[in-house]
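Engineer: First, the structure itself, so that you have it in front of you.
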């Protein structure tokens, strides 16, 4: 097998800038051998619960255990008709399991799209495989933006690794041959080959992503509230049940049957049996709806969390913009003139290079090397090329850019735009865009920074060419006087030099610390690409004007010689180009920001770009406070918390933000009492994503960002976020509205049980009657209206709101029962029937009130409820142990019901008056 040819033929072949790969990787039989030895990954981990976990969590619950205990007691005494409630419990369990399994299936199918992949070298060919297929000793091909899935050792090449998930430090770490790479870290920039040293549980951070999720537990008010209710009822229900049973048997000398049935009814009334199922089914249904929109919810409770969010932090690149860029203008600087008349050899004629050098003779040796500057005399370069004769090409800026972009292994949006401009769209497509949260200054995956407010040699002459309006935004580049006619070509993508690219002889990978990168070419000097403030110096006013229009500026410099010092730039670097690029604003961005503004969500834009650039993009995107911008490079990351608290209050646009500062800004917002959602796409967003209440990743972003985020937008379009918010609001609003009905029964059951213990009376209802209330008053209305589109803004907290709505009705029911037990002039069965009818009527009023304002569905629910419950009593009076209602009983019921309604009206008016203050 000609492995050299294969390696060099691969699209991302290692040979583009640095020759053939240093190794060929494992052969197919070696991979299989390692798998059989157990030296391979065990497979992709599912982000959803396992089937076993779903079954356990739905079957083995405290509520189910208590219900089972009650059913066993009733069965033991032969109260079979009163066991009907257990059938409803089983139905609830089946519905919950079925809905969660359906959600799991859909989410798992989508999660496959979100699984990390790796590029490995096998048989000399670069192959993209799922990370779960990696085996020990595989050769990983690591590029900017990738998550390092396994512990490995660098074999060849260099890169910068972000180990923030391991260490909490945002500073990148340089890695060279022989250095260890740790799973859970991410590649910020550079490219290397690395040999896998550990797989599976042997990885240093094999469970790191899951640990991050466990570390930062999703705050769910619904979950926390139900845990409180569970703890309270479990603490209360057992002692109350024992007390009721002992009172009945010891003090009233009741029989075993009556004691068990009476105490069982009280216990069943205290359990909000259907509410837990209601929450689970609602959340699962919301997840299913979003999955159909290609929105992956990796934590079911984050759906609710995002519905509560009141601050949304957006990353500019890849969020407000679609991640694609266009070259709008190329500004020739004074250094471009010095290239005129120099001739060099193209890579196509590299075979003649040796003969050319020999023919050059003394001219070549006289050229020498200037050891003081590290650069080579350009006379020697020209003489060597001229001596070569055939194949010599005029050295100009276009040839240097073509050569740089051909040799570069960087593949982010900025480099792709430059390739499209200088090499054509097909060449740009040959190197697919990788994402590391890359094009912001501090994101640094590519070698390009954004425009600073200060950059270009004071003596550099700016000559630009007017361009058409940018991306349809009506933004025009400035026109200059005739005597400053541009020497750069128009910004439309085209190939402007047909010479073969130069042969690369060395490179310095871009570093987010240095903010520049470079590639040297044999006998043709070195091209530098990076932040204008590093490459050029002081930025002239005209370039600042471009930045204020939302353009991103990168700088190109040239040195007529080789350069290998990674720590500093040469002092005689010649300014070659300023390149202005525009971001493409996503469609529907203005509508999306307007929606969040009207819904009371404060939007903050956080970026590593220059303030002028970020503000201009924010203005184009429709951010209301686009002009309230701050340059975070002027803020010490170790400043007191109060500094960041004030910044979050004063500003809406944060520019030049470091990863550590992003996290501090999120923390400051949380200290102010805000629920914060953070969108991100790069390794520089990881710390902030982990800190946010709800983390949202763009699918086109880095592997690491996707893996730790709670929500992943698989179409990489943040304008889908309102759908997530609306689904969360449906869940919270519908559950809050219906939960009040469940809590009515729980509350009056506790109060009535305490009253019965105090007066040595039996609980007035039996289990089958409580089951009727469960079915017609709670389950039927709740499960029909839980899927309604109730998308109003969430007001108040779940548990206090639900209890506040339930309390008046619970007190009214308790009052009715107490008064009827004490003064009603009827027999025992008549008293029980009277209380049961009043209980049903009052509970129905609570359901009707929760359905206001009426819709067709709500009206249908109320009518069927009002007809169904009385019909069941009329058809099956013996089953429910009710007697015929006499005229005196009807009169009593009417008076008691009217008194209860007056009480509820007064309480409602008082609550309304208090809330309006």
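A Cβ is built for glycine as well, from the same backbone N, Cα and C atoms used for every other residue.
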Engineer: According to TrEMBL, region 'Disordered' applies to one of these ranges: 339-368, 369-398, 399-428, 429-458. Which one is it?
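Structural biologist: That would be 429-458, the stretch labelled region 'Disordered' in TrEMBL.
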Engineer: At a Cβ cut-off of 8 Å, and with pairs 6 or more apart in sequence only, do we get at least 3 pairs between the transmembrane segment (834-852) and the transmembrane segment (83-101), yes or no?
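Structural biologist: These two segments do not touch.
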Engineer: Answer yes if the transmembrane segment (807-828) and the transmembrane segment (83-101) have at least three CB pairs under 8 Å among residue pairs 6 or more apart in sequence, and no otherwise.
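Structural biologist: No, since the transmembrane segment (807-828) and the transmembrane segment (83-101) share fewer than 3 Cβ pairs closer than 8 Å, they do not count as touching.
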Engineer: Give the nonlocal contacts of the transmembrane segment (83-101) in its own chain as ranges (CB under 8 Å, at least six residues past its ends).
Structural biologist: 49, 51, 54-55, 58-59, 64, 67-68, 71, 74-75, 268, 273-274, 277, 280-281, 284-285, 767-768, 770-771, 774-775, 779
Engineer: DSSP on the domain 'P-type ATPase A' (113-212): how many residues come out helix, how many strand, how many coil?
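Structural biologist: Counting residues per DSSP class in the domain 'P-type ATPase A' (113-212), I get 17 helix, 47 strand, 36 coil.
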Engineer: Which residues of the same chain, at least 6 past either end of the transmembrane segment (739-760), have a Cβ under 8 Å from a Cβ in it?
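Structural biologist: Answer is 229, 233, 236, 240, 243-244, 247, 251-252, 266, 268-272, 274-275, 278, 770, 773-774, 777-778, 781-782, 798, 801-803, 805-807, 809-811, 813-814, 817-818, 821, 843, 846-847, 850.
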